[in-house]
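Quick notes on the structure that follows.
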Amino acid sequence: MEWGSESAAVRRHRVGVERREGAAAAPPPEREARAQEPLVDGCSGGGRTRKRSPGGSGGASRGAGTGLSEVRAALGLALYLIALRTLVQLSLQQLVLRGAAGHRGEFDALQARDYLEHITSIGPRTTGSPENEILTVHYLLEQIKLIEVQSNSLHKISVDVQRPTGSFSIDFLGGFTSYYDNITNVVVKLEPRDGAQHAVLANCHFDSVANSPGASDDAVSCSVMLEVLRVLSTSSEALHHAVIFLFNGAEENVLQASHGFITQHPWASLIRAFINLEAAGVGGKELVFQTGPENPWLVQAYVSAAKHPFASVVAQEVFQSGIIPSDTDFRIYRDFGNIPGIDLAFIENGYIYHTKYDTADRILTDSIQRAGDNILAVLKHLATSDMLAAASKYRHGNMVFFDVLGLFVIAYPSRIGSIINYMVVMGVVLYLGKKFLQPKHKTGNYKKDFLCGLGITLISWFTSLVTVLIIAVFISLIGQSLSWYNHFYVSVCLYGTATVAKIILIHTLAKRFYYMNASAQYLGEVFFDISLFVHCCFLVTLTYQGLCSAFISAVWVAFPLLTKLCVHKDFKQHGAQGKFIAFYLLGMFIPYLYALYLIWAVFEMFTPILGRSGSEIPPDVVLASILAGCTMILSSYFINFIYLAKSTKKTMLTLTLVCAITFLLVCSGTFFPYSSNPANPKPKRVFLQHMTRTFHDLEGNAVKRDSGIWINGFDYTGISHITPHIPEINDSIRAHCEENAPLCGFPWYLPVHFLIRKNWYLPAPEVSPRNPPHFRLISKEQTPWDSIKLTFEATGPSHMSFYVRAHKGSTLSQWSLGNGTPVTSKGGDYFVFYSHGLQASAWQFWIEVQVSEEHPEGMVTVAIAAHYLSGEDKRSPQLDALKEKFPDWTFPSAWVCTYDLFVF
């Protein structure tokens, strides 16, 4: 395969090869004439020539000597990528027409919005609060009753309010154990009048985190489910199976309510599949980011039924890798119910997720309509499917699935995907193998140039990554992290341009000093082959690892290879002219369009997460790495243009100038990370806990007592931006770890201590909640197997955390929590998350300690923290006064808590 007709320079090189092999010293005229005939070996004969002209075109004749215009090539590629990005953006803004209001069988987004506004008007709905347990539950039951009155006689509606108590351990945030008591689930079963033996579950949660109205997480999902219930119940089409709607009231308590339902409710045994509605952002499209496990028929159901699909197996594999610090009820149904399902979530605008800005007015009616159309169609499909009743028969196998710009979904079994992938690999092997196996007198130095070019490509990527990481580390060290958080284009201008400039520099140096005697067209072909080979290696690796995401590499190998096979004749005759470039870019349309589509999703999800990922992970290093990787992928099939172009000086100068100016502006603090813009806020998250701590010794005496406001910034910048506004919050009040206390002696709400190691402690008066916690040892006894059993009782607010640290020579062997086996958190301590609904009894539990030797300092240290997340007890005058001082670009989430430590 050739990139162009044989140039005079190439002919001279071929003559030189023949001369070295004993040919005549000068080619006769007839040999020169024969040289005009096209080669059939698929190679330009090695491409080596005499010294290149200063222009760097790599040849003397037309086609080889006429290089691409640098300005035209650079602008053309830039406009090409911008056009593709515009198409991606347009696909994300597809408008959905609302069904006629009140028309039976149509989802009405305005009715769902009415539900949403009523739920969010109640305010924050933490588990155990009257807002969650009484007001929201009452509203849901009221609306369900109205729906039941309007329902078609073909259907039967049953309603149950469940208040489960239970415990489980979960491998999340380093691992911990959860205990819940008397929390609330509202369960509705819609079934045929004669009943049903099988059911599909739809799940949402109506509780919210503290200090947030929780419109997207997850009131909008519950509103969608209410409207879907209304539409299905009024339908004149009979269902084959039941649809169970679970409105759970304790998801934000780390998935407690779903565990209570699936392990204790009598209807749980009917469920064969589920759909979980969640949020990681506010509005936009709802992404299918988890399916299964296995059960490919569920993906097929979504593909067949969803009207506005948005799904990706890539998102599934990224989420299940644990990179994203989040989890959903999907895990509970999968692990404790052994039920397959589909997990959907809104992912756009995660900047205001779990903040006071998560309000109903920020969720577009279009988003509600899209979600409602999809959920209604998929539930109806499952409720009338024969596969639901025999789900076990269709259990085995995974699916490769992805949507195409939201228009439709492509899905096929992963085993078929593996076959397709290896067929693509074989195509590359045949293509490259033909070149590698040809005699040297035909291929010249192709093998050597290919291997050297591969090394140059890898060096260019490595040095580019090192360059952007050096920039990112420097920016982090000078305190200018997250400069791109409110201005994403800053990251592109800083890290993206640096990556491209370094790649171009390395290849330009190679072109000038190593490949100085090779034709441009020959080098263009070599580096196209190198890019093809690299993507083929990715394809083999991902397929061998069993990752369904390998389909992306297959696309990035198959389409470029087909493009090369289609355009080589035109290029051979006319060189790198406009027609060739147009066909080349057209052939790259699908891989580049889909890559940009995925890259948008990656940054839409990960950029906001980096603003709440803790104080230990440098966000600039993470973002720079991701951006550099994406840039390397996008530039891979354009590297050959560096060798086809006459020069790269202007491009490198422009990129370097943009990078340098952006770097200076970032270092000077021009780009402030946060925003209080009412239309698009991007706040800094800060947790304020006004607490009183009491430490007791082995005899029960209080040996230490203090009080203050414990401050945690949830991003890498800590309090550096806050100190100028609130001078008393500075590094002189940095909190210090209590080495002998579990989790450093602080009242962690969740075990995220390993993510947030920098915190501050501002002295303040003691707190005195009206409902103070009580903790006592009920009994201490020795078991027949020589362990010590300690039984405790605790009472307090709806949320408490219990911590245990075993002393040297002691181990926790059993306890009455979870499955009976104690689970450690990161750092070796034990963490128990406790919550209750209304009117819960005292919490009694026991632990068993195995002691190998007597210790005068006791066996274990335990501590209990009480968190007041609702009502008057959550506030204090000092806390309110401090909150008022915070600038409007922050979101300070504040509550009162106590911490009591004991030694036994």
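Quick reminder: no glycine exception, Cβ is built from N, Cα and C everywhere.
Predicted, not measured: the structure shown is a model, and the values here were computed from it.
Per Swiss-Prot, the features are as follows:
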type: ACT_SITE; residues: Glu251; note: active site, proton acceptor
type: BINDING; residues: Asp217, Glu252, His354; note: Zn(2+) 2 binding site
type: COMPBIAS; residues: 55-65; note: compositional bias 'Gly residues'
type: DISULFID; residues: Cys204-Cys222; note: disulfide bond
type: MOD_RES; residues: Met1; note: N-acetylmethionine
type: REGION; residues: 1-65; note: region 'Disordered'
type: TOPO_DOM; residues: 1-63; note: topological domain 'Cytoplasmic'
type: TOPO_DOM; residues: 85-399; note: topological domain 'Lumenal'
type: TOPO_DOM; residues: 421-457; note: topological domain 'Cytoplasmic'
type: TOPO_DOM; residues: 479-489; note: topological domain 'Lumenal'
type: TOPO_DOM; residues: 511-519; note: topological domain 'Cytoplasmic'
type: TOPO_DOM; residues: 563-579; note: topological domain 'Cytoplasmic'
type: TOPO_DOM; residues: 601-621; note: topological domain 'Lumenal'
type: TOPO_DOM; residues: 643-651; note: topological domain 'Cytoplasmic'
type: TOPO_DOM; residues: 673-904; note: topological domain 'Lumenal'
type: TRANSMEM; residues: 64-84; note: transmembrane segment
type: TRANSMEM; residues: 400-420; note: transmembrane segment
type: TRANSMEM; residues: 458-478; note: transmembrane segment
type: TRANSMEM; residues: 490-510; note: transmembrane segment
type: TRANSMEM; residues: 520-540; note: transmembrane segment
type: TRANSMEM; residues: 542-562; note: transmembrane segment
type: TRANSMEM; residues: 580-600; note: transmembrane segment
type: TRANSMEM; residues: 622-642; note: transmembrane segment
type: TRANSMEM; residues: 652-672; note: transmembrane segment
Local backbone state of Asp217 (Zn(2+) 2 binding site), from DSSP in three classes: helix
C-alpha spacing of Cys204 (disulfide bond) relative to Glu252 (Zn(2+) 2 binding site), in angstrom: 11
Contact ranking winner - 400-420, 458-478, 622-642 against the transmembrane segment (520-540), Cβ under 8 Å: 622-642
Spatial neighbours of the topological domain 'Lumenal' (479-489) far in sequence, C-beta under 8 Å, 6+ residues away: 603, 607, 610-611, 618-620, 623, 666-667, 669, 671-675, 682, 715-717, 720
Dominant neighbour of the transmembrane segment (400-420) in 64-84, 542-562, 580-600, 622-642, by Cβ pairs under 8 Å: 542-562
Secondary-structure category, per DSSP, in which Cys222 (disulfide bond) falls: helix
Highest-contact recorded stretch vs the transmembrane segment (580-600), from 64-84, 458-478, 622-642, CB pairs under 8 Å: 64-84
Outside the transmembrane segment (622-642), six or more residues from its ends: residues with CB under 8 Å to it: 68, 73, 77, 81, 457, 461, 464-465, 468-469, 471-472, 484, 491-492, 495-496, 499-500, 503-504, 507-508, 511, 523-525, 527-528, 530-531, 534-535, 556, 560, 588, 592, 595-596, 599, 602-603, 606-607, 610, 613, 648
Set of same-chain residues at least 6 away whose C-beta sits under 8 angstroms from the residue listed as 'active site, proton acceptor': His205, Asp207, Asp218, Ala257, Ser258, Thr328, Asp329
Residue pair His354 (Zn(2+) 2 binding site), Cys204 (disulfide bond) - Cα distance, angstrom, rounded: 16
For the topological domain 'Cytoplasmic' (643-651), the mean pLDDT of the predicted model: 92
